[in-house]
């Protein structure tokens, strides 16, 4: 690979829960690399997503939403979020314009003040508020911290994304690319597969289930006809949650399986045979495999 004239930068995307971090990452990369659901705390581990623009490689770190942790799982999530701020060029502070008066956001700003990182303010969801509100939020955020640059976007509709990307490309330092031209993430394939199914679970059952469930891809096997056999286990903490996921006569888990299978086939471009199993494991949060979504 020719490194001459190439540029590369790494930016962590941080923010309060449900600010739209995973949606932004998917838009920046151009395809789905992170679960996007209406539930808070759907990002479990920090993940590198890669977007190449001519001679520039932009690496984005999708982090768990930063909040006040209580359980072991929550402490695991927040620890990984802060770890992502080490050895990077930029920290993108993503703010939901309708939820900017947020105590967790203030904690994020306080932490950044002591990091000496180039902090970029990005206001998301501008499509649902008046411009006067956007100006008010920018003024408030600059009263907390002097950001190097501010952008207004709608990650959902792709508004303002080009300006953000152009700025990141212009300010990226010269250096070798860290990932191959065709690589979009550093996450294992099994993790991607688990994320797809977990997303379907949260979208379908968001009013009935807590975020304390996990999907683990336990087996991926290629058949002679090049199709894939994928076996996944959905871990929940209560028997009642298992009943909800299974549904009457297994109809709910069948629906989720079909939706996940369809996405997997579109992404992988192969026929998929997906088998889902639901297990109750009261303290699954204490097991690494269940936290990260795949088993080796």
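Placed from the backbone N, Cα and C atoms, the Cβ positions cover glycine too.
Record features, source Swiss-Prot:
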BINDING   15-22, 62-66, 124-127  GTP binding site
DOMAIN    7-174  domain 'Era-type G'
DOMAIN    205-282  domain 'KH type-2'
REGION    15-22  region 'G1'
REGION    41-45  region 'G2'
REGION    62-65  region 'G3'
REGION    124-127  region 'G4'
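Its own atom aside, the Cβ of residue 15 (GTP binding site) has 25 Cβ atoms within 10 angstroms in the protein chains shown. When pLDDT is averaged over the region 'G4' (124-127), the result is 96. According to its DSSP assignment, residue 126 (GTP binding site) is helical. Counting every protein chain shown, 30 other Cβ atoms lie within 10 Å of the Cβ of residue 21 (GTP binding site). Helix, strand and coil counts under DSSP for the region 'G1' (15-22) come to 2 helix, 0 strand, 6 coil.
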